[in-house]
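S.K.: Positions annotated as signal peptide by TrEMBL: 1-27. Residues or ranges marked as domain 'Cadherin' in TrEMBL: 112-176, 177-283, 296-404, 405-518, 641-755, 757-870, 875-988, 1000-1093. TrEMBL lists 1396-1578 with the feature domain 'Laminin G'. Per TrEMBL, the feature disulfide bond maps to CYS1551-CYS1578.
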Amino acid sequence: MPAMLLSTKCNHVLIVYLTIQLNLAIGQICQNDIPDFFYNVNSAGPLFDQSVYTVNAFNFSGTSPNGTTVFTFNVQPQTDFTRPSFVSTSVTGRALNLTQGVITVTSSNPNFTVTTLSNGSYALVSNTYPLSYFVPYYRYLFYLIATQTYSTRPSVSSTALVVINLQNYNVNPPVFIPANQTFFISETATVGSLFGTVYATDPDGDGIVYSTTSALFSIDATTGSLRLQQSLPSYAASQYFVTVTASDDGSSCLPALPVCPRFSTTTTITINITAVNKQSPIFLNNICGSTVSFYENNAIGANITMMSVYDGDRGANGQVTIVFPSTSTQATAYSQFYIQQSTQINSTRTALLRTNISFDYDAPGIQRVWYLFILATDNGTPQRQSFCSLRINLLDVNDNSPVFIMTNWNYTIYRSTAGNSNSARFLRIIASDADSGVNGQINYYIGTVGVPYFTINQTTGTVILRSSVPGIYNLSVSLFPITFQVYAQDSGTPPRTSETNATVTIYYNNGNDPPPARWVDPAYEELNFPIIEKYYETYGDRPIFNPSYGFNGTISYILTSTISSIMTVSSPFPNTYIPFSDVFVSKSGNVSSSGIVVTSGLHAEIQSTYLIYIRVLATPPLVGSTTVTLIDQNDQIPTFSINSIRLNIVENEGGSRVIAQIQAYDRDVNPIYSFVQYRLNEVLSDSGAIGNFFVAANGTIWTNAIFDRESNKTLYRIFITAYDGAPAWNSLGPNTQDFQFDVQVIDVNDVPPVFANSTSLTIYINETTAIGTGILNLTITDTDFDTILDFGILSGNTKNAFVFRLLSDNTADSTRTQYQAIGQLYVVGPLSYEVTHNYTLVLFAFDTQNLATITVNVILLPQNTRAPIFNLMPGFSSYQYSVLEGSAVSVLNGPVISATDPDIPPTSLVYSIVTNNIQWNINNIYLNQTNNQTTIGIAAPGLSRDLPFGSRIYNFTIQATDQGGLGVSSYALVIITVIDTNNKAPIPTNSPWILIEGVVNPSTAVKFTDYDDPAQNNTVPFQIQIVSPSTFSLSGPTLNYNGTYRLTYNGVLNRTVTKNLTVTFNANDNKGFSAISSIPIIVGDVLNSYPISNGYKTVTVIYVNGYINSLINVPLGSVYINDPDDWYIGSRSYSVRSAGNGQTFTVDQGYLVTSSPLYPGSATVLVDVTKSNVPSSAVGTMEVGVQSVDPEWVRQAATIRIQGEYPETLIDPTLGNRLNVLRNALASILFVTADSITILAIRPVFQYRSPYYPPLPFDQAKQQALTDVVFYIPSLAKSDIENSVNTNIARFASLYGIIVSASGPNPCSNYVCSSGTICRPTRTIQPLPYVIDSNQTSFVGINVVDSADCVNSTYSPNFTNTQSGCTTYSFNNFAYCPCTSLQAYAPLGPYCQVLGRTFRENGGGYAVFDGMYFSNQAPTRFSFDFALRSPVVDGLILLYGKNTTDVNGFFWTSAEIFNSKLRLRFRDQILDATNTVINASTWYHVEFQYVDSLILVTVNDCQYVSSGFNKTLNSYDLSNVQLFLGGLPVTGSLVSGLYPSLTQVSTFTGCIRNVMSNGYYLDMNAAVASAHSETGQCSPTLTTISTTTTRTTVAGGHATNIIVSRFTWFLLVASVLCKAYAV
């Protein structure tokens, strides 16, 4: 039976859903039976016993401790029995499962919580102590939220308003703002100086009284202003900690309470004594300008000198730092030294100047003199400095011994050429010493005793004859060769002697043999003369000469041999470079000539003497030496160790005072040239510096000017020129260098701060200005730019409602020329126009020494700050009335409802009724308003007291709103007790009623119920009579008069003859009120011994392409055989004998099912059936016809609503095949053939009937039954079909006997959505088919759901293509547009939206749409279709998100193809359809449903369940949100880089169509940007799916040309957008 099938299916849904929940932990499970979230959900939440709960001060105090019960209340679950009467019965759809679920109740205000009581009721409990009185309107207004959860659909919620009116109590102590304040005052401040304000406020609104125990400082008891009470000690502490007490005056709860408690708070404030920086640091011991020397052999880190600096200021002002100037880091000289500071002791700090490297005095070009600048800076404000310069000399140490350039020296004396002179010089022995000066001067000595003939010149090392030897001719040949030792000793202290001696051997040739080579002039053997330092620059490559010494630059020698020989010039010291070279040799006869040239510039400062070794290459060689001494020239410029420095001077100081002394070093050797003097460079210096600064010749910089930083320059740039003592070698003037000396004038606190505004201001603020709100910003300037300001209020700050504080300043701006601050006056206490409407505040700014004030008048503007107060009778918390049931009363007898507006001035009041409107129907209650009061009236037919929709007591709330209904509201409970009238007769209430066949006189209990008041004897005992049929009798009732009777059929019933009956009663109550009622009687089947016989049945199956798996294991219809026992199909035995077309079928509980995909085509299924209690068998023949259709058919299908037919009666051939009659009627009226009409779905229409009423008899129920038939005609548009059907509704009944109640019914008609949502009709395809089963036929149709979606009302589409001629049909309120010019782009949406867009196969395609016309804000529904080209390539199908950072601040959604499967992203969650392989040329329908905390995602006929989503960061600012289809722009766009988690951004190739958001189609022609894509119908070559698919089979029965696709559903748990409620 259909009823049994429906019950089985419902249980199946529930069990499968629970299985889903249990399997969440092990993975995503493909499902296809999760109910549509939106379908037939009326958003009716649980039922509160009141719509508004009002609590007054005499019921509850703000001083109640945590955990205090405020009130108790009841909440009933929403069920079928509580479904309200005003819900439209025309809502399309199946019955909604309203089985009672779990109810949770929460408070929207964290100050209160809800607890569940043991009796099932609830209590509102306080959660904060104490509660604040100064909340808006002096009350707490919030919502109780009751949420009812279900196992098979999203939860539903309802709310009740809570109003807690408070009385002010003094429960809070004063609060200091901030808790520990800090103030500043100068050490030079005078007694009586005001320097700050201590702020405290009282949360209860009390006045504050200040006090302190300090003797040094005082505080004003009213204002909290601080003053210096006594002079500060000479050596005052830098910081004082002062205890301040704030006591409230206990005035807040007067006069409501006779006595108020008093509270005090104590805090410690910090008063910083700002020291004044009165003097600059002083270098001691005349260190500045002195000369300090150190030896070259000092180790790294050796101490050179100690410096001491004194500063007598206090605190940081006297803390000194001794450093090199900051610019010294750019100078190499300073890197050779460092300053090591010691810990400062009292007012003196010492520092050691130490070496940072090792020094070698003798290294070529080594710097031996430094002028270093030292800077001593204190840490005061203003910061003072002193400048000092030192001359550092490097001293030589005799640390090297002489070393001979050769250890063996040989010389031959030729008698033939030497002559007989005693003055002959034979050989010069040469040694070197690396030391400089005296330490490097060498003396030579013969170390061999008794050497004949010869001695040595101690200075030059030349071997000569003794003075006692007359001449060479006197030498005896026999004594030769003569060998002796020579040693060298320097002139250092102590002297150092060569470690290795030189061995000299002299030979004597007394013959006439000439030497191989000899000098033309013996003087050439040892030349010694000076040349000028700039010889190279003056003479170039001319050989060096000095006529004053008789040397013209030519050196000639005679060679005995005719072979030429060259002369070489070199240093006698190995590995030593000299800037000299030989001249090319010229020859005249046997005389050769050469000379010495300078090869590069010479510097006397680096090396003043050169020893040149001359060697003529002969055998033996001819050797000579030349000593060249450089004559210094003025070629060095004075050099500063740094190029610039900045120093501070303090304003307002007078008298002549030295600022600094600078020194430069000139490296010239001549003292005249190296003498440096200094002068002011008036050309480069600032004009303002001339006359204010002076420079002495010794480099001292001084001034006698008095500087005022506020009125004069703050920075002077001086250039000082250092010049030497003679004209430069190449000019007429001396060498010079300039030094930049910047003088910064620093500030002292000598000017008071200034308010930039006028001396007084008036501002207006609302009395509702919130605590913490800044109401006035004042600019304060102080030309003392290093100032510190304290802000305060001198007077007028009644109850300390305001604070004046520093908001910002420019201390971080290093370029500032004056201090500038913004002080903010802001609210810290509650304001009330009724208490104080004007404040005259004197604000001040104090810079530790000077005070500035300004007067600010703050005038409060009255606001609506107080809610109306109901004038209830003393002791009453509600208005109470009574009324007779069913009576119309113009004015209820009882108190007049009135309220008072306590605001100044008061405003008019408007009254209204507030109810949750889901408990009782009170639409006939009205108000009679006049003169700010109202009475209550009840219109006909009055109030109902009785079930199902009446109540004994009506609770609702009267709302009084000031400002003529536009302002603040108060609420008062109204209780109307309804006095019963006897207007209800007994009715049967215990359905169903079943009488079993084959039983003699079968009976059943019938319970009659009278919903009148039994207390008034309006009910039992009853008098019940059977009106018809006469075959029934009634006995009873029971002794206790509970209304239960026994209904008996007189005879024997046979279900094969009669399956149901109707019994009509006439029932009277105790007072004779009667009514006629009828009930349906079901004839119950028993298992008889009837034989069975063969049966034949047709099964019509139609499904959507891509939904083939939805038919697996779904009952396709019962197996029909002839058996009068129709209740026991499950007790028979079934065996499938055969099935055609290669399909596989089984029978489950009597229903034909298939465990494999059911392909299009037809199949004959033979089923062997055996009845177990009778040895009888039969064959059930099932002709199964299967058809698949394109999903577009469903979208374009029309709907007709039939009355008086069940779906089963429409398809039952034994009842005249009413479905074919309907098809023929449609064909006739629409002028099409019947074969062109495809029936896609047949569904019953749910109609509500209260369970308190008995079910209708079968014939009446059928007359009222509604059935929808969804059908498709290819040649006609949906709108045209439904319009034609509506026009011809009467013809269906007159010509064909079919009652048509509606055409194209709109599910949103008369549908009520909750606040913040609107109703949008949406058609969806549910995964499971909808099966209609009768004996000889069943129809397995598409589960088409036309849903009334209550979606968010923020979404507003804009259709640019809409053309003229659009029509809104009155019969269903649907709009349709002709869209004539756009038909080439068809299919189109109802507002001419182009529905398709194709993305090219070469990739790179995308389309971007404005995000404003799209929504993912719950509740919402979104869907789209897509198909891919072959081959399948991974890519992005869709992305809805931001086009700028931060993308994760929005709940973005995307759909991708990843590894040939569908991947869905919801911001930080990824859902992979892991068992879904996407096939090319197949259409996929994807749908998202966002409802409450859930997201349901469907892909064709599968559903997946997952959890764990978080939408708390969701933002609905859609100004930078867009919808991207087909990919993301890559070229010229940054969007693709915003989503790094996406695997692909631009490779989708295929088509996307039917993008729908909240019931509106996206216009594909309205892209704001696109590339490589076209709008319009998707190419037929893209897919191989035809509108109707038939199956081709091969051997084995397997399909070869059908691709079976798996699809995916997902159920996603996400946090939902909290709705904001306003009263």
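In case you wondered, yes, glycine gets a Cβ from its N, Cα and C as well.
Please treat TrEMBL annotations as automatic predictions, because they have not gone through curation.
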S.K.: Under 8 Å between C-beta atoms and at least six apart in sequence, can you list the same-chain neighbours of CYS1551 (disulfide bond), or say none if there are none?
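M.R.: GLY1396, ARG1397, THR1398, PHE1399, PHE1426, ALA1427, CYS1578, SER1579, LEU1582 - these are the non-local Cβ neighbours of CYS1551 (disulfide bond), listed in sequence order.
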S.K.: DSSP says what for the domain 'Cadherin' (296-404): how many helix, strand, coil residues?
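M.R.: Output for the domain 'Cadherin' (296-404) reads 13 helix, 49 strand, 47 coil.
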S.K.: Using a cut-off of under 8 Å between C-beta atoms, tell me which stretch among 875-988, 1000-1093, 1396-1578 contacts the domain 'Cadherin' (112-176) the most.
M.R.: 875-988
S.K.: So, taking each listed stretch (177-283, 296-404, 1396-1578) in turn and counting its Cβ pairs to the domain 'Cadherin' (757-870) that are under 8 angstroms, which one gives the highest count?
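M.R.: Most contacts with the domain 'Cadherin' (757-870): 177-283.
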S.K.: Can you break down the domain 'Cadherin' (405-518) into helix, strand and coil residue counts using DSSP?
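M.R.: Across the domain 'Cadherin' (405-518), the residues distribute as 14 helix, 45 strand, 55 coil.
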S.K.: Report the mean pLDDT of the predicted model across the domain 'Cadherin' (177-283), rounded to a whole number.
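M.R.: The predicted confidence over the domain 'Cadherin' (177-283), as a mean pLDDT, is 89.
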S.K.: Which number gives the other C-beta atoms within 10 angstroms of the C-beta of CYS1578 (disulfide bond), all protein chains shown included?
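M.R.: Other Cβ atoms found within 10 Å: 21.
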S.K.: Report the DSSP secondary-structure composition of the domain 'Cadherin' (875-988) as helix, strand and coil residue counts.
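M.R.: Going by DSSP assignments, the domain 'Cadherin' (875-988) contains 4 helix, 51 strand, 59 coil.
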